[in-house]
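Summarising the annotation, TrEMBL assigns region 'Disordered' to A:1-24. Residues or ranges marked as compositional bias 'Acidic residues' by TrEMBL: A:1-15. Look at TrEMBL and you will find A:42-322 tagged as domain 'UvrD-like helicase ATP-binding'. Taken from TrEMBL, the feature ATP binding site covers A:ALA63, A:GLY64, A:ALA65, A:GLY66, A:THR67, A:GLY68, A:LYS69, A:THR70. The domain 'UvrD-like helicase C-terminal' annotation in TrEMBL covers A:323-597.
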Amino acid sequence: MSSIDNDDLIDDSDDGAGAPKVPLSQRAMGAALGARSAPYMDGLNPAQREAVETLNGPVLMLAGAGTGKTKALTTRIAHLLTTGSARTNEILAVTFTNKAAREMKERVAGLLGQTVEGMPWMGTFHSICVKLLRRHAELVGLKTNFTILDTDDQIRLMKQLIAANNIDEKRWPARLLSGVIDNWKNRAWTPETLPSSEAQAFNGRGPELYTQYQDRLKTLNACDFGDLLLHMVTIFQQHDDILAKYQSWFRYILVDEYQDTNVAQYLWLRLLAAGHKNICCVGDDDQSIYGWRGAEVGNILRFEKDFPGAKVVRLEQNYRSTAHILAAASGVIAGNADRLGKELWTEAEGGEKVRLIGHWDGDEEARWVGEEIEAMQSGTRGMAPKSLDDMAILVRASHQMRAFEDRFLTIGLPYRVIGGPRFYERLEIRDAMAYFRLAVSQDDDLAFERIVNTPRRGLGDKAVQTIQMLARTNGVSLVEGARIAVESGAIKGKGGKGLAELVGNLDRWFNQLRAEADTHIEMAEMILEESGYTTMWLNDKTPEAPGRLENLKELVKALESFENLQGFLEHVSLIMDNDTDDAEEKVTIMTLHGAKGLEFPAVFLPGWEDGLFPSQRSMDESGLKGLEEERRLAYVGITRAEEVCTISFAANRRVYGQWQSQLPSRFVDELPEDHVEVLTAPGLYGGGYGGMSGDFGGQSPLEDKASRADAYNSPGWKRMQAQGALRSKPSPNEAKGLVIDATAVSSFTQGDRVFHTKFGYGTVMGIEGDKLDIEFDKAGAKKVVSKFIVPAAQAGDVPF
DNA sequence: AGCCTCCTAATTTTT
DNA sequence: TTAGGAGGCT
């Protein structure tokens, strides 16, 4: 059972792609000596080149934000292949996200000028582990066709366990248990190796529940995400022969985002690399923001100790942001101890300072950001007009998005929210998937429980309990239990009829699927139809129903790229993509976490207030470590910006319905003064609001002046005012000559045909000062400053 | 079985 | 404030 032949490793049925017909290495061997001049090396800076060319031995590539780490990583792979150091299927390249893996594949292909079909071991930790685990499943008590549970299934299982153990779910919720167990798995602790220090977890019941949970998974022939890694680590640790085989097979190992690895992933990598130690880890300790999920910054900090003699290459030249933005980011991150230390620099000159602005409350902040975005879009800010696609609002917590959504809805500014529930996490998708899972395997008890009464079949708690009892006493699956219930007439009336129909359907689907697996798309549609699931949503009058039906259609469409249902189900649990690339230009709203790895010309960072960012909870729970992670989050946020970075905070914010006065974030204080421009909001520094307290009436966020005064007396606030006071009264934009001279206003009149570089041709509908209301032929109605408008005739337009 | 009302908790979420 | 879950009522 532990014999693996190499064909096994070359095979890549999971990816639908076999080993390349002609290994790249053979083709390219001759290029080894000439690698220095290989075209794919063009444009690498010395550090990148070093990271690419140091093929053997451990390498730590410390790649700061925007320093071209993907370029270095992919070029390194191209180099490995071209020099004949490894064949495509001998390189293990691990990422965290499918997106990153895809991008890497594409770019390697691009570098080599051909598609790289044969890189079966380039993928996420999880997808690679699934592949491995399917080969060795029996070693951890699973069958090779085990299913992968998602979080929802996990929680439902835990709920059952908690109830079975007579634990008060109110005081000890399933989510908590799930978190505890996840944590243990992240640290590679099995029920057997769980240290005694954890004995008190979950009211002292944690360890036993962990054991029960794992047993339950085994009987279900299932595992959760954490198990994928954990099982492989266990297998590697207990079976030297298997480990040895993979150690020699994977001749080179590359790891992306190494700072985000948890203990299990770290052990997995260390085991695999122990032989040749040809491991190249890429990461940035300053961008470690997933500690709460088990990531250990320590892994990257310790690399040189783990791999003595490791070559450390620092990528510090930044190709993304202006010098001011980099300096601001550096200034903030300097507050962290225990860094490996990097200093980003750029050849780029000029650029705006990071802009800082305070607001009265969250609504005003949203209003201001909206106006600012419109100004940038039309070019009013004195820069070239920007597309909405080039702007992003990055928030600490998703509830902050709402204020912006509300505001943008009001002013009709198109936006796109990234995050939220993923496609495969939606209720209707999970339900449909449960039907598919049952059609493939009737042993899937969790799937059965999920859909047994969806749509309603008159099967309530009591009926389900009967089925469960029958299944347990006969030692069979729930579907079998249901069959017994039907045959014995244990469930009567409407429910009995409904159950009989369901069982009959399941059998029919199962048989038909076996007979004609290739008609899986029609089958899927049929299953949803015959089960009554589609009808259920058709009859549903709630506003979500049409969207859900739409999603179901999407799901069926997604089947097209798979050969059968089985294959689809195997992959889908690992693919949580939902890239919706709509054509319309939109502002992006997302969390800071979600923005890692992305970049935007203009970035807004609102809500920089102590308690919100850095988050109070983070600091309460993890103390200094938590604060440092928040600071790295700030660093990530600032370094997303290419040209303009705007940080803002509000003096008052509604928190859980209660108005609270907020202090500017301590990170505001940490921004280096020389690289920050304080924008004076008219309402705050001009004293506008101060004299109008009465106007707030009952609406006033703060009723008494004393507490408001407190808000203005915080260290951060004082510092703000001090900075503001250093500036002479004219607004910063005026000082820079960016304000448009109103006297220069145009000679346009209503009805004129005009041209705008971004929006194209249009007709002037109205005039307000220096702003023109223009109805653009393509872009619709826009307010644009006349400075950016030329008469259409000059641009060669043919008037109608 | 399904609706309604009360209670409680409330970050971040690559797979 | 609000959303989701649990428990009670019809």
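Just so it is clear, glycine is given a Cβ too, placed from its N, Cα and C backbone atoms.
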Can you list, in sequence order, the residues of the same chain other than A:ALA63, A:GLY64, A:ALA65, A:GLY66, A:THR67, A:GLY68, A:LYS69, A:THR70 whose CB lies within 8 Å of the CB centroid of the ATP site?
A:ALA72, A:ASP284, A:LEU315, A:ASN318, A:TYR319, A:ARG320
For the domain 'UvrD-like helicase C-terminal' (A:323-597), mean pLDDT (0 to 100)
89
Out of A:ALA63, A:ALA65, which has the highest number of nearby Cβ atoms, where nearby means within 10 Å of its Cβ, if these are the binding-site residues?
A:ALA63
Out of A:THR67, A:THR70, which of these binding-site residues shows the lowest number of other CB atoms within 10 Å of its CB?
A:THR70
Run through the Cβ atoms and count how many others sit within 10 Å of the one on A:GLY68 (ATP binding site).
21
Measure the Cβ-based neighbour count of A:GLY66 (ATP binding site), defined as the other Cβ atoms within 10 Å of its Cβ.
22
